[in-house]
Amino acid sequence: MIFLFFIFVEISAKSYATKENEPEEFLSTEALVYKHILTDYASDVRPGRSKYDGGPIEIMLDLYLFSILGISEKQEQMVTSGYTTQTWTDDRLIWDRDSFNGLSVISTKASDLWKPNLILYNSDDGAFKAYSQETRILIGDLAGGNVQWLPPALFKSSCSMDVKLFPFDRQVCNITFSSSTYDKRDLVFKINGDVTVDNGFMESEWHLKYCPASTSVRTTESGEEFSQHTFSLYLERKPLFWILNIIIPIMLMFFLSAGVFYLPVDSGEKMTLSISILLGQTVFLFLLAQRMPETSLTLPLIALYLLFTMCMVTLSVILSVVVSNVHYRSTSTHMEVLPGWMKRLFILRIAPKVGLYRPNIEGIILPTDNKRRKAHSAANFDDSCFSADSDPADFPAPRSSKAKPLAKELKPAIEAIHFITEKLRLEDEQEMVEEDWKYIALIIDRCLLYIYSAVCLIGTLVIFAQRRMTTEDPNWMQDKLCYTCINFPETDGC
């Protein structure tokens, strides 16, 4: 058994030696080029001469986007899919095309060659990788060792969100690349163009308006300077979802709260309606809190509007309490009669202007004592003749002997009638006072209905008028390359 094992090892070694030393006439042209340029090639050494007697290597970087997968306002993160095109020159990867049957381009594993070691500088997931997986690299003999690498990636970059105008906001999110190894003396970026988008680009919630590219220099605390390349995405939110599901329901609830002042006090549902609307608004506030970043320094537009509506609904609850207090006011609880100035102000002046008219108003505004006496003449029967101190001589002479005993017998009955009529008179006066207070409460309610509705409308217009962006930034004035390439892919340059 051991003998057979050694025979197998010897045969394998001879087979491997045969493949390694296979004559060149049995190799393909691509294999010959591969053997020619990669023999003794050091993938850890930067192309070009040393930094002391030569310049930095130039990296031409392009970004090609497939879609914007999502933007999280709370986490301030943007997730995009696409790939980068990294192009540079490696003078060690040169061959004579005429000597290799005119072959000018080959591909090889990315791990076989030197790469610029780019990182996603503003990565949000801590990986900092500028690519998701290794792909093959194209090597071209044109222009002396041209190398092109197209690694795909899922970019998770941080994006500082300005949610002041949410959901009518516009954001600028950057995707920044830099080298983790070479400073600007060894490696620099060269702008080749703006971001390129796929013909089937998926925008989701955002509309991509403009996507320029720029280069800059990043200085570390130790004084080292690194070249970095930034792709900026100018994004405009599509607000239809938020308008239909958040803004319109909030508006409807807000204007519904004005009905509190049209609802009769006697129904007992004023407080119920106001508090129910207030509870509904707290639900919308909770939904917004789930989307907004905790580090935001500004109050979102929709949150400002919701806060305004909640304050107004709370005010409507307080005003409803005041109106209810006026409605149920009476002489038995407050010992107050409606003042004359209040009658003149509310009943005479304000009531007609708000569409309220009370019948027989002339007899209600300023009742006099004489009118009261005439209205209750039966109650003002003079019973002084039945006083114990009255002189019998003051009475007219009776026509019969039975008159005097009859008058004394009627005195208790007349006193009872006087008591009843006086009580009825007081009840009538108290009822009249209560009706006056109820009418005043109705007038106040109607005035508050008009004022509250006007404030709701004006406040809504003022708050949402802020959604207009300033026109100082020309990037927002017109849709440039990104918009053109997405909607008209046949345009030159897309």
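Note that Cβ sites are derived from N, Cα and C of the backbone, with glycine treated the same way.
Predicted automatically and left uncurated, TrEMBL annotations should be read as such.
Values in this document were obtained by computation on a predicted structure and should not be read as measured data.
Per TrEMBL, the feature signal peptide maps to 1-17.
Annotated domain 'Neurotransmitter-gated ion-channel ligand-binding' per TrEMBL: 33-239, in sequence order.
Within its own chain, the transmembrane segment (240-265) has Cβ neighbours under 8 Å at 167, 205, 273-274, 277, 280-281, 284, 287-288, 302, 305-306, 309, 312-313, 316, 319-320, 323-324, 327-328, 438, 441, 445-446, 448-449, 452-453, 456, 460, counting only residues six or more beyond its boundaries. Sequence annotations record features per position, and here TrEMBL assigns transmembrane segment to 240-265 (among others).
Feature annotation from TrEMBL assigns domain 'Neurotransmitter-gated ion-channel transmembrane' to 246-464.
The transmembrane segment annotation in TrEMBL covers 272-290 (among others).
Taken from TrEMBL, the feature transmembrane segment applies to 302-326 (among others). Residues 166-167, 242, 246-247, 250, 253-254, 257-258, 260-261, 265, 270-271, 274-275, 277-278, 281-282, 284-285, 288, 292, 437, 440-441, 444-445, 448, 452, 455-456, 459-460, 463-464 of the same chain, all 6+ positions outside the transmembrane segment (302-326), place their C-beta atoms under 8 angstroms from a C-beta of that stretch.
Here TrEMBL flags 447-466 (among others) as transmembrane segment.
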The mean pLDDT across the domain 'Neurotransmitter-gated ion-channel ligand-binding' (33-239) is 83
Distant-in-sequence neighbours of the transmembrane segment (272-290), which means Cβ under 8 A and at least six residues beyond its ends | 74, 246, 249-250, 253, 256-257, 259-260, 263, 300, 302-303, 306-307, 309-310, 313-314, 316-317, 320
